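Q: So that we are looking at the same thing, I have put the structure below in structure tokens.
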Number of protein chains: 2
Amino acid sequence: MTALLPEGLRDRLPPFADAAAAIEARVLGAIHAHGYERVDPPLAEFAEALGTRLKAGALHDAVRFVDPVSQRTLAIRPDLTAQVARIAATRMGHHPRPVRLSYAGSVLKLRASQLSPARETRQIGAELFGLDSVAAAQEVVTVAIDALAAANVARPSIDFTLPDLVDTLAAGPLPVGPERLDDLRQRLDAKDAGGVAAIAPDYLPLIAAAGPFEQAVDRLRAFDRDGVLASRIAGLTAIAQTLDGRVAMTLDPTERHGFEYQTWLGFSLFGGGSSVEIGRGGTYTVVHEGGAEEAATGFSLFADRLLGDPPVHDRRRLFVPFGTRAADAARMREAGWVTVAALEAGDTPEAQLCTHLLADGEARAL
Amino acid sequence: MTALLPEGLRDRLPPFADAAAAIEARVLGAIHAHGYERVDPPLAEFAEALGTRLKAGALHDAVRFVDPVSQRTLAIRPDLTAQVARIAATRMGHHPRPVRLSYAGSVLKLRASQLSPARETRQIGAELFGLDSVAAAQEVVTVAIDALAAANVARPSIDFTLPDLVDTLAAGPLPVGPERLDDLRQRLDAKDAGGVAAIAPDYLPLIAAAGPFEQAVDRLRAFDRDGVLASRIAGLTAIAQTLDGRVAMTLDPTERHGFEYQTWLGFSLFGGGSSVEIGRGGTYTVVHEGGAEEAATGFSLFADRLLGDPPVHDRRRLFVPFGTRAADAARMREAGWVTVAALEAGDTPEAQLCTHLLADGEARAL
């Protein structure tokens, strides 16, 4: 019974834990190379304050407890970006913009969802505070694709969306009453042509403007007779040029689920031909103390989904026979070897999963 | 108000978070080089099961919450070694011994103590399951000192103790009634000569057998007229020889606080001339399912105490002027540079804390 873990929580064992740590280090290195410096917020915060920066309802998914010190409710973070935004807006609020921050840490949810059964996941990401321009998006998307490359993600792909597209059109050339707007958004997101036709048939061509990037952008451009989307289309095209050839690209301009808090741009990251998202990002708004708003652009990766199975992991281990002088083993470690010393006469290279044996001062393959 | 964090919880900001991550990576690398493979247990477990492997009372210091899935109480880990012992005893119970495991992760306490005001700390360590011999202790102590060296800890020192010393003497040549044993242990731990004299004056010389290693061991040897401590003294001497010259060594044979669960050997790690412990370890016993017991030896470091102030951290940043071709910046990253791109015409190397400027394809120091 003591071996049993709660649903959605798990141990990571050898060699997977080392492989995951190695991948995380490479991903963070790729992000760091673009000037994103690490911040490390605490596991728990005051629930109320954290809730103001989380998506609506997200606090209900957080583990909460009463702090015996302050007698207030604390929450274990269900998401790291809310904390990083807090740091950018408060403790680093005086720093010249843009501010580039990176992070990696565990997040915990009270309940798992059907789509993501893990309750504890590892989140890695980068956020650029102060800009949501095309140049900012080009950089952030480049960092994201560099991060996937560092993790050896096969066949990376990116799916773009325009989260405020329907709002923009409804406020301009294709008016929709506010009471029907949310319904329209949902039906477009669901590609429900009948539903869209019943509410606002003018929006129907948007459903066809999804798919491989070039073709979808062309359809979006044809749809945009009034030019109200021109800057967005130009931005998407510029971002796509930045990534040209590095990654497969698609556009789903009305996808909205999970992008409710993004402004003009959102994107999902995929790899290995899987339909399971391994990361997402986009442009958004951060609220400073006092209420001032600031543009931001960033992305997060779900680190657990970066680890293929079986992992690519070098597990060379040098068996050091019982009685070998300590200095001889130390010399092999200095030369880069992982040494596994026999501490009893009966220990064997096989029991210790060793690939090599130290004999006559040299490593011999087994 | 949203910037305020609960007492004992804090943000780590640039450049400290990167420096801490770099130190942690080096420490884990030193541990890995001795064949210790990483395990990564979850943040939360069933409280009752975790409690059976924690020190008495430690579960009261853990954040607990009711799991809506199982309707059972879960606890956020206040310590990682209990989880690593669980893994060794259950999921890796079939693995040939010894099993060498390493770990690094956050632990959370409901309350801070006066001695350690942080409620969230980062624990790094290594545990060897299957042995508590002198050879095992020699290896584990070597790994610990290698880890301190990897963290650039200045003037490392190690303080040894013999946690079951009083029990051993009381069961042998210097009988003490069980009703007075705990009191004697506490007074010896507190170096309370008057108190010890009132309970069992024969134990008084032990108070003087504390201090610089060689001198203290000599006094302990002189005290041990019956030779009941001979194997312990020989073990200590052998361990000291392994470390000879690498680290300052002391012996405090009756220190007991925090070592209640250790068997024959315990040790504390210090550095930089500070009296604040930066790690501890020793030999102990792991209970398998079914009740079988297994010897183990290991140590943990309190990672937050490894970070000096100010941290030694290379922060070379190359400013990439606005309008530079993306490929030029990518080439500099490939050459090992951290690039910080201007995304607007007005951005400056000073605002981005850059040390170098990319000009005519070369990095120029600023």
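Using the three backbone atoms N, Cα and C, a Cβ is placed for every residue, glycine included.
The model shown is predicted, which means the values in this text are computed figures rather than measured ones.
Straight out of TrEMBL:
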type: BINDING; residues: B:ASP79, B:LEU80, B:THR81, B:GLN123, B:GLU127; note: L-histidine binding site
type: DOMAIN; residues: B:8-305; note: domain 'Class II Histidinyl-tRNA synthetase (HisRS)-like catalytic core'
Q: Please identify which of B:ASP79, B:GLU127 has the densest Cβ environment, defined as other Cβ atoms within 10 Å, among these binding-site residues.
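A: Counting every other Cβ within 10 Å of each candidate, the maximum falls on B:GLU127.
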Q: Return the residue, from the listed binding-site residues B:THR81, B:GLN123, with the maximum count of other C-beta atoms within 10 angstroms of its C-beta.
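A: Of the binding-site residues B:THR81, B:GLN123, the highest Cβ count within 10 Å belongs to B:THR81.
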Q: Neighbourhood of the L-histidine site (B:ASP79, B:LEU80, B:THR81, B:GLN123, B:GLU127): other residues with Cβ within 8 Å of the Cβ centroid, in order?
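A: Apart from the listed residues, the neighbours are B:ALA82, B:GLN83, B:VAL84, B:TYR103, B:VAL107, B:GLY125, B:SER300.
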Q: Determine the Cβ neighbour count for B:LEU80 (L-histidine binding site): the number of other Cβ atoms within 10 Å of its Cβ.
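A: Total other Cβ atoms inside 10 Å, all chains included: 22.
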Q: For the domain 'Class II Histidinyl-tRNA synthetase (HisRS)-like catalytic core' (B:8-305), provide the mean pLDDT of the predicted model.
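A: Mean model confidence (pLDDT) across the domain 'Class II Histidinyl-tRNA synthetase (HisRS)-like catalytic core' (B:8-305) is 95.
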